[in-house]
Amino acid sequence: MDLSAAAALCLWLLSACRPRDGLEAAAVLRAAGAGPVRSPGGGGGGGGGGRTLAQAAGAAAVPAAAVPRARAARRAAGSGFRNGSVVPHHFMMSLYRSLAGRAPAGAAAVSASGHGRADTITGFTDQATQDESAAETGQSFLFDVSSLNDADEVVGAELRVLRRGSPESGPGSWTSPPLLLLSTCPGAARAPRLLYSRAAEPLVGQRWEAFDVADAMRRHRREPRPPRAFCLLLRAVAGPVPSPLALRRLGFGWPGGGGSAAEERAVLVVSSRTQRKESLFREIRAQARALGAALASEPLPDPGTGTASPRAVIGGRRRRRTALAGTRTAQGSGGGAGRGHGRRGRSRCSRKPLHVDFKELGWDDWIIAPLDYEAYHCEGLCDFPLRSHLEPTNHAIIQTLLNSMAPDAAPASCCVPARLSPISILYIDAANNVVYKQYEDMVVEACGCR
């Protein structure tokens with residue numbers, strides 16, 4: 001099977017399979033690029049220690065060499081996150097620490113206007129290129145917002161542009177402060193619309209100038225065929241008879257509103273609220289599709305390099321899964337002992353630890369934070385009489401009673417999560433935007449019998 005065929009097969013699997021199978025198909029797709037698959041702990045068995053999501057789902061991490069050149073891994077200083085093509089904007093990192101309740105004491109306050117009703121916050125980095133001739137007329141900002149879901153409600157949008165202090169921007173430099181004018185960009189079929197006008201206050205040091213552009217973003221999305229790019233133009237005027245003023249005289253820089261560093265470029269922060277329940281599997285599938293497109297553009301691997309074929313990878317994973325299932329069956333059955341003996345060796349339904357390590361899953365090239373968390377899981381017997389704290393349903397009570405009287409007549413009720421809570425994740429989406437999103441039902445808070 002050639003590489004493009006393997007990619008097509010895996011993308012079909014991702015569109016049709018269950019989440020567990022989807023995780024495995026994503027791992028196969030990633031492994032199809034190069035290098036043999038290795039298990040999370042470096043060994044081949046399901047050894048001791050606490051269970052992790054990688055072990056529970058049967059997912060395997062792959063070496064960085066298995067990822068196409070466009071997503072070659074590099075480890076950021078002081079962070080476990082790795083991605084060679086995207087540098088997370090410092091504002092999005094600060095936003096995550098603030099909204100996730102992880103801001104350290106004394107950390108700078110983060111503007112949260114419009115974020116209260118949002119469950120998703122996306123940071124779009126400026127993609128415009130500037131030249132010196134544009135410095136006299138203004139500065140344009142260009143954002144590709146095509147990744148926003150049409151069904152999502154935009155509850156807030158803010159343009160943030162870095163401004164540095166300069167001799168001409170300090171106190172006493174002007175008899176009256178210059179005006180900053182923010183408008184939409186002129187186009188072939190539309191005239192520019194003034195969005196914002198305010199005084200450029202004297203500045204010592206540096207700060208991020210923030211402009212509310214929520215109404216402009218909503219109008220952009222209401223267009224019959226909205227363009228992919230959302231374009232804004234910042235200008236300055238000064239004097240009794242307002243005349244154009246070069247923005248760099250007020251401390252604005254180039255390219256992208258601050259400097260050559262990615263974290264200094266202007267950023268459009270869009271807060272939205274989804275109309276559907278978000279599934280982490282949807283983002284995993286999008287990541288795999290984007291990776292599949294990159295894999296299809298890569299040259300075919302040299303057969304002499306020891307690269308594992310997709311067929312060999314699938315076969316190897318199937319053998320490992322079968323061996324693991326056999327081990328669990330032997331452990332759960334007590335090596336062929338009767339049903340009653342196995343039951344006596346198990347505890348009642350309760351919450352047990354389940355540590356999720358995204359690095360172990362190989363997801364640290366798109367998940368920025370957190371890199372691990374405690375998810376918990378439910379395990380144990382639901383036998384008669386059921387305890388009230390397990391919050392059994394009436395159906396579970398009847399089923400458990402029947403099972404206690406005649407085990408062959410009805411199976412025991414199941415120990416499952418009864419209450420779950422969300423976590424917030426900061427990640428890079430398939431369009432290379434940094435996204436803060438709250439995912440429901442990620443942590444087990446209580447278990448019950450159902």
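Just so you know, glycine gets a Cβ as well, placed from its N, Cα and C.
Reviewing C414, C447, C449, the cysteine that Swiss-Prot connects to C378 via a disulfide bond turns out to be C447. Between C449 and the candidates C382, C414, Swiss-Prot records the disulphide pairing with C382.
Checking the candidates C231, C415 against Swiss-Prot, the cysteine paired with C349 through a disulfide bond is C415.
Within 10 Å of the C-beta of C447 (disulfide bond) we count 25 further C-beta atoms, all protein chains included.
Recorded residues C447 (disulfide bond) and C349 (disulfide bond) have their alpha carbons 7 Å apart, per Cα-Cα distance. A Cα-Cα distance of 5 Å separates C449 (disulfide bond) from C415 (disulfide bond). Most buried of the disulfide-bonded residues C378, C382, judged by other Cβ atoms within 10 Å, is C382.
Secondary structure from DSSP puts C382 (disulfide bond) in coil. C449 (disulfide bond) falls within a strand segment according to DSSP.
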